[in-house]
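According to TrEMBL, the protein has these features:
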- 632-724: domain 'DYW' (DOMAIN)
- 83-117: repeat 'PPR' (REPEAT)
- 184-218: repeat 'PPR' (REPEAT)
- 316-350: repeat 'PPR' (REPEAT)
- 386-416: repeat 'PPR' (REPEAT)
- 417-451: repeat 'PPR' (REPEAT)
Amino acid sequence: MISATTLSPPPTHLPSLPQTPPLSLIKTCKSMAQLKQIHSQTICTGLISNPIVPAQIIAFCCKHELGDMEYARMVFDTMPGPNHFVWNNMIKGYSRVGCPNSAVSMYCEMLERGVMPDEYTYPFLLKRFTRDTAVKCGRELHDHIVKLGFSSNVFVQNALIHLYSLSGEVSVARGVFDRSSKGDVVTWNVMISGYNRSKQFDESMKLFDEMERMRVLPSSITLVSVLSACSKLKDLNVGKRVHRYVKDLKIEPVRVLENALIDMYAACGDMDTALGIFDNMKSRDVISWTAIVTGFTNLGQVGLARNYFDKMPERDFVSWTAMIDGYLQVNRFKEVLSLFREMQAANIKPDEFTMVSILTACAHLGALELGEWIKAYIDKNEIKIDSFVGNALIDMYFNCGNVEKAIRIFNAMPHRDKISWTAVIFGLAINGYGEEALDMFSQMLKASITPDEVTCIGVLCACTHSGMVDKGKKFFARMTTQHGIEPNVAHYGCMVDLLGRAGHLKEAHEVIKNMPVKPNSIVWGSLLGACRVHRDEEMAEMAAQQILELEPENGAVYVLLCNIYAACNRWEKLHEVRKLMMDRGIKKTPGCSLIEMNGSVHEFVAGDQVHPQSKEIYSKLDEMSVDLKFAGYSPDTSEVFLDIGEEEKESAVYRHSEKLAIAFGLISSGPGVTIRIVKNLRMCVDCHYVAKLVSKVYNREVIVRDRTRFHHFRHGSCSCKDYW
């Protein structure tokens, strides 16, 4: 701890030291090598005995960009009685090189030797504190400052405001600010910066308003901080007001200020003004270009963003991550992975934010191989696995169907937040581990983590996908009383799905009719999907009508209705719906399946003939057809909604994208390798049957993630127990 027992007011002045010839050499010195030569000469000539010489040598080491603090300490240890100037320089030097703990140690040593701090000591000491150092030493240093009578010094006040802002005690920082004279613009800047650091951007804006009322002229640093707050709040009006300050006060448009203006306008979606400033800049840096790229990606205009990205004279990991995030926002996941490979080729080291983006893309594509490579990269490069990275890894493993590794990551996390628990509950639910998901929810409650609305959806999904109707109904009934969460439309949708899948269609309809909120298309869609499974034509028509009143262009509804009519052999009704689709220009979404092999993601659509290995794939399909028929396979064409011959129907289901992906997986991997597929639509009955047989006949685990859940096919059975 810092000792304060010997503290007493410091002397009011220091003795002046005579000028010596080597001083001019030290002041013009340009490297440590030169300094060491001068130092040697002073030792040889005896001039080193004059205290001003080692003091200036230490000053060079502490202040100069090329200075060496180890050398400074060595010289310092030879001085018989260093004065305030020397002590302060040593403290300043350690702060400059990012060693706040060494600076604190020097301060403690200063006290132990009976040398009292002055008004320069504390600003030097506190300026480069880290959050940990600020939390550890802040209060005690404040006590010293008060005891020694420096609390009214404006520089010390600014240092204290910075200290408390850094340690997260923004309210204490504001207390120091309120007791200050507020006449110095730097004081305002430090407080506004403190609010920004703690993400209290509204408070930054209020303080700027107060600054205007007190007629304190802002500096360019003030304006940059306020523009940063405007950017985060997307407050274009205040941002324009700040821009007027720049023009009216004729503040020199330095690059950092221009960058802040570009970032603010881009964040607020005003790309015309942002580009106007960008085009008129005398010189641009990577921050200028990245702000433009980010502005376009935020608007979803990734083409324009990529144009500017490609023109950048230099790119750092921030600009690469911005472009990667742009593709991620518009669900162009293959481009995300392609760009990441380019980033690797350019030898740009990603940070944890880049890793989260790449893992998210892997999760969407089911690209486990690349996801595993990312995990290995994180471990090898010692990238911090904070809650964001940990949650992204959990999500990636679950979405690639690797439940064991997802749980392993979760168990190894030093800090699990609500998102971590919810991700595990969801992941277990969609992979068919309903009981385990409910057990995880119980553990979450025991860990004193309060569930939220999203967590409750995860629990209801676990009950839905595992057919646990009674448990789902009980949980839904207790949501408000036990967890204080009022069910919203999403929770009611889960209940409709739960009851509908179990065949309780009338009860599901009663839930919809008695909902306290208006049902949306997702709620009605859950009922419609259940009608397809249980072939309730009448209720399906009613549900479809409700959805089409809400979303007339919803193509999936028409397709589901067609499937139901086809399954019930109601061809006249089916033709009516097909005609309505044609009249309204609504097209069926083509089935698409993704499979990762050897680090590359391959995409198949129904009837695909464009893949380079199409010939081998269809040859394998023919072989599979023979093998599976020996195992008892007979095509299920009940969901083919074309009034055509049975042979043509069999040909239609034969070319489904899942089957093409499975065939490709079989010819592209060795025996025993798991085949993982991501499907954009719900698996049809026939493909589900084929996947079960493939897992048995070829002794392969097949994992398919369709639009609603995972199917783990092993030894001829599916984890969904044919409940999907």
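Each residue, glycine too, has its Cβ placed from N, Cα and C.
Beyond the ends of the repeat 'PPR' (417-451), by six or more residues, the same chain brings 387, 390-391, 394-395, 397-399, 401, 403, 406-407, 410, 457-459, 461-468, 471, 483, 485, 705, 708-712, 719-721 to within a C-beta distance below 8 angstroms of the stretch. Secondary structure of the repeat 'PPR' (184-218), assigned with DSSP and counted as helix (H, G, I), strand (E, B) and coil, comes to 26 helix, 0 strand, 9 coil. Across the range of the domain 'DYW' (632-724), the DSSP-based residue counts are 34 helix, 16 strand, 43 coil. Confidence annotation: the repeat 'PPR' (417-451) carries a mean pLDDT of 94 in the model. Under DSSP, the residues of the repeat 'PPR' (316-350) split into helix, strand and coil as follows: 26 helix, 0 strand, 9 coil.
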